[in-house]
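Asker: Got a structure for you, questions after.
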Amino acid sequence: MRLIVNGAATDVVGPTVADLLATCLNDARPHGIAVAVNGEVVCRSDWPRWALAEADTVEIVTAVQGG
Amino acid sequence: MSGLTIAGRELTSRLLLGTGGLPSLALLEPVLAAADPGLVTVSVRRTSSTREGGLLSVLRRHGVPLLPNTAGCLTAREAVLTAELAREALETDWVKLEVIGDETSLLPDAVGLLDAADQLVRRGFTVLPYTTDDPVLARRLSDVGCAAVMPLGSPIGSGLGVLNPHAIEAVRAAVAVPVVLDAGVGTASDAALAMELGCDAVLAATAVTRADDPVAMARALRLAVEAGHAARGAGRIPRRAVARASSPTAGRI
């Protein structure tokens, strides 16, 4: 399945947000991280069951120094 | 405690600190110790690793409450999504709302700002908007339920200080919510002036993080905010165009 993750085309195997995080961050439940799929925030508790679909746009963000 | 309460939370200090621009994360702990800020801002950005977690570890160890910002957002839609991501990632519904008009001036987009503030208040956020030094817009932001207003002293990162003191006083007079001078502070006297004008707090980032000695400047701003607040409470003398002797005129030889 091909997704757009943080602006870049990315091939993933697993079907859920948790699978994607395990692939991208080596951690299925990382702290201090938030995820949006197609412009909607997916709550941490929904990561293991939120099914991604072909061509979904995913944002994975964290806090950085700023402001 | 500072005596300053925003949205029911009493802050430990009237100096709020931005973390952007520090040359190294290792400086953050000594800067926090010197500034003793009531809130610390962070930004939200895309990540491909969890290593940036170092920042959050330092902030959590210090125990200072976080104020995520929506820096870089050019539309209300981007700002609302960024605020929602920050709430999920950082477990706080507080947000320093920035909707900027363009990336050159970094000035707030008044129309987008008010729209985003309204949406976020309705979604349960505690909204602290970065705004122009415009008392009318400040009142509108307060009217839609913002917990404070944060007028700029001068453009972000400019270090030009408070360019229009009368406008800051007018913002102070226009709203009942706390007023936080945000943007433009370059050195201690700027922060003191903002407090003397009636601001409830000062937010500084670049002034500290890009100073030659960020730790020393953090301490200087903490003292300046305290001094300015005390002076405001003390009531300054009126300005006079002519001299007025302080020594007795009677009994001169």
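Placed from the backbone N, Cα and C atoms, the Cβ positions cover glycine too.
Those TrEMBL annotations? Automatic predictions, nothing curated.
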Asker: For the 1-deoxy-D-xylulose 5-phosphate site that TrEMBL gives with B:ALA183, B:GLY184, B:ALA205, B:THR206, which of B:GLY157, B:GLY198, B:GLY228 also belongs there?
Answerer: B:GLY157
Asker: Return the recorded positions from the list B:LYS96, B:GLY157, B:ALA183, B:GLY184, B:ALA205, B:THR206 for which some CB of chain A is under 8 Å from the residue's own CB; sequence order; 'none' if the set is empty.
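Answerer: Among the recorded positions B:LYS96, B:GLY157, B:ALA183, B:GLY184, B:ALA205, B:THR206, the ones whose Cβ sits under 8 Å from a Cβ of chain A are B:LYS96, B:ALA205.
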Asker: Tell me the Cα distance separating B:LYS96 (active site, schiff-base intermediate with DXP) from B:GLY184 (1-deoxy-D-xylulose 5-phosphate binding site), rounded to the nearest angstrom.
Answerer: 16
Asker: Determine which residues of this chain, when B:GLY157, B:ALA183, B:GLY184, B:ALA205, B:THR206 are set aside, have a Cβ within 8 Å of the centroid of the 1-deoxy-D-xylulose 5-phosphate site's Cβ atoms, and list them as they appear in the sequence.
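Answerer: What remains near the Cβ centre is B:GLY18, B:PRO155, B:ILE156, B:SER158, B:GLY159, B:VAL185, B:ALA204, B:ALA207.
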Asker: Taking 10 A as the limit, how many CB atoms besides its own sit near the CB of B:THR206 (1-deoxy-D-xylulose 5-phosphate binding site)?
Answerer: 18
Asker: Summarise the model confidence on the domain 'Thiazole synthase ThiG' (B:5-248) as a single mean pLDDT, whole number.
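Answerer: For the domain 'Thiazole synthase ThiG' (B:5-248), the model's average pLDDT rounds to 95.
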